[in-house]
Amino acid sequence: MRWFLPWTLAAVTAAAASTVLATALSPAPTTMDFTPAPLEDTSSRPQFCKWPCECPPSPPRCPLGVSLITDGCECCKMCAQQLGDNCTEAAICDPHRGLYCDYSGDRPRYAIGVCAQVVGVGCVLDGVRYNNGQSFQPNCKYNCTCIDGAVGCTPLCLRVRPPRLWCPHPRRVSIPGHCCEQWVCEDDAKRPRKTAPRDTGAFDAVGEVEAWHRNCIAYTSPWSPCSTSCGLGVSTRISNVNAQCWPEQESRLCNLRPCDVDIHTLIKAGKKCLAVYQPEASMNFTLAGCISTRSYQPKYCGVCMDNRCCIPYKSKTIDVSFQCPDGLGFSRQVLWINACFCNLSCRNPNDIFADLESYPDFSEIAN
């Protein structure tokens, strides 16, 4: 029996090895049986993007106030869709106007939407809630605006410098009936001044407190940008050039360019900008149904084919008299444009922080 056991083990081992070798050398199956997963039906959802991109040779000309952007396919330039327009994955809404595409009305495809306004976050100041974009005055010294949860304020009281050296003891005091403090000159001398300022004349200083408006330092801020890029708008400034030496807001009418004239068609061949546009015929200004008593031939700022914008470079303010159908008349200050220049620093008239940016370099100017 002892010699029979090793022989049996050797035979079993050889048989197992033959089975493994036969399995390894057997041909692999040529087909596999499986059930594919059902594909998603996309026929009901249109495809708005096509690849490769097919773009027109030149970008479109957008109306004034409409952004020229890259479409949602990241292919071509397009005029952004505006509030209430239809939008898709290709035709996107104007991001510079805070618009987004609302697909809620196209369930369940969610393919075509409508451009809607993004509702910004309101603000709370001293327990009072303000809406996004709302301007308000928490007190008589500041004018504030709520901007998406943040409050930005501009002072209404001018931080003028103290009186000149001839006023030995200047101090700020509260004047009854006025919000902002004013400088007064308190002179302790009991004798006449040796050197009186030229703009006030010679007078005796007897120790009394004289109102600072008698020593008024005239200040006038620059005019703000026109409130509209085309058509009739308003610009404002602050000035204390008045009998009370009190800062007051002044306003004037402005019209940078007409909305109903396509100035792009007037740009000469080979040029990219038309800095100034002037109609050939004179016209009368109209305001609230009233007509100016005389005709004018105003100049307007033009437009560019690229990303530059044209703004007034030399201008002045004129008084225009209006006559109404009922016989009443009035006059208004109006911006009169003499020259314009075109540059890359296009700023939003509603941006209260635009003045913090640097002035455009002269290399960007194109007359």
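The first residue you see is number 1, and the count goes up from there.
Every residue gets a Cβ built from N, Cα and C, even glycine.
Taking a C-beta cut-off of under 8 angstroms and a sequence separation of 6 or more, Cys73 (disulfide bond) has the following same-chain neighbours: Phe48, Cys49, Lys50, Trp51, Cys53, Glu89, Ala90. Here Swiss-Prot flags Cys49-Cys73 (among others) as disulfide bond.
Residues annotated as disulfide bond in Swiss-Prot: Cys53-Cys75 (among others). In the three-state DSSP reading, Cys53 (disulfide bond) counts as coil.
Residues or ranges marked as disulfide bond in Swiss-Prot: Cys55-Cys76 (among others). Proximity of Cys76 (disulfide bond) to non-local residues of its own chain (separation of 6 or more, Cβ distance below 8 Å) is seen for Cys53, Glu54, Cys55, Pro56, Pro59, Thr70, given in sequence order.
Other Cβ atoms within 10 Å of the Cβ of Cys62 (disulfide bond) number 16 in total over all chains. DSSP classifies Cys62 (disulfide bond) as coil under the three-state reduction. The feature disulfide bond is assigned by Swiss-Prot to Cys62-Cys79 (among others), with sequence analysis given as support.
DSSP assigns Cys87 (disulfide bond) to a strand in the three-state reduction. The disulfide bond feature in Swiss-Prot is assigned to Cys87-Cys101 (among others); the stated evidence is sequence analysis.
What Swiss-Prot records for Cys93-Cys115 (among others) is disulfide bond. Here the Cβ of Cys115 (disulfide bond) has 21 other Cβ atoms within 10 Å, regardless of which shown protein chain they belong to. In the three-state DSSP scheme, Cys115 (disulfide bond) falls into the strand class.
The feature disulfide bond is assigned by Swiss-Prot to Cys273-Cys310 (among others), with similarity to another entry given as support. Just so you know, the Cβ of Cys273 (disulfide bond) picks up 20 other Cβ atoms within 10 Å once every protein chain is counted.
According to Swiss-Prot, the feature disulfide bond maps to Cys290-Cys324 (among others), an assignment based on similarity to another entry. In sequence order, Ala288, Gly289, Cys290, Phe330 constitute the residues six or more apart from Cys324 (disulfide bond) in its chain with CB-CB distances below 8 Å.
Annotation comment: Swiss-Prot describes Cys301-Cys340 (among others) as disulfide bond, evidence class similarity to another entry. According to DSSP, Cys340 (disulfide bond) sits within a strand segment. Neighbour list (Cys340 (disulfide bond), Cβ cut-off 8 Å, at least 6 residues apart, same chain): Ala275, Val276, Lys299, Cys301, Gly302, Cys310, Ile311, Pro312, Tyr313.
Cys342 (disulfide bond): 24 other CB atoms within 10 A of its CB, across all protein chains. The disulfide bond annotation in Swiss-Prot covers Cys304-Cys342 (among others) and rests on similarity to another entry.
According to its DSSP assignment, Cys309 (disulfide bond) is in a strand. Summarising the annotation, Swiss-Prot assigns disulfide bond to Cys309-Cys346 (among others) and lists similarity to another entry as the type of evidence.
Summarising the annotation, Swiss-Prot assigns domain 'IGFBP N-terminal' to 45-118.
Taken from Swiss-Prot, the feature domain 'VWFC' applies to 121-186. The domain 'VWFC' (121-186) scores a mean pLDDT of 76 in the predicted structure.
The domain 'TSP type-1' annotation in Swiss-Prot covers 215-260, and the record cites sequence analysis as its basis.
What Swiss-Prot lists as N-linked glycosylation site is Asn86 (among others), and the listing cites sequence analysis.
Secondary structure at Asn143 (N-linked glycosylation site), as computed by DSSP, is strand. For Asn143 (N-linked glycosylation site), applying a Cβ distance below 8 Å and a minimum sequence separation of six or more within one chain yields Ser135, Phe136, Gln137, Cys153, Thr154, Leu156. The N-linked glycosylation site feature in Swiss-Prot is assigned to Asn143 (among others); the stated evidence is sequence analysis.
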### Message
Can you tell me which of the recorded positions Cys62, Cys75, Asn86 is spatially closest to Cys101 (disulfide bond)? Compare CA atoms only.
### Response
Asn86
### Task
Looking only at C-alpha atoms, tell me how far Cys93 (disulfide bond) is from Cys79 (disulfide bond), rounded to the nearest Å.
9
### Summary
Here the Cα-Cα span from Cys273 (disulfide bond) to Cys87 (disulfide bond), rounded to a whole number of angstrom, reaches 31
### Query
Reported in the order helix, strand, coil, what are the DSSP residue counts of the domain 'VWFC' (121-186)?
0 helix, 32 strand, 34 coil
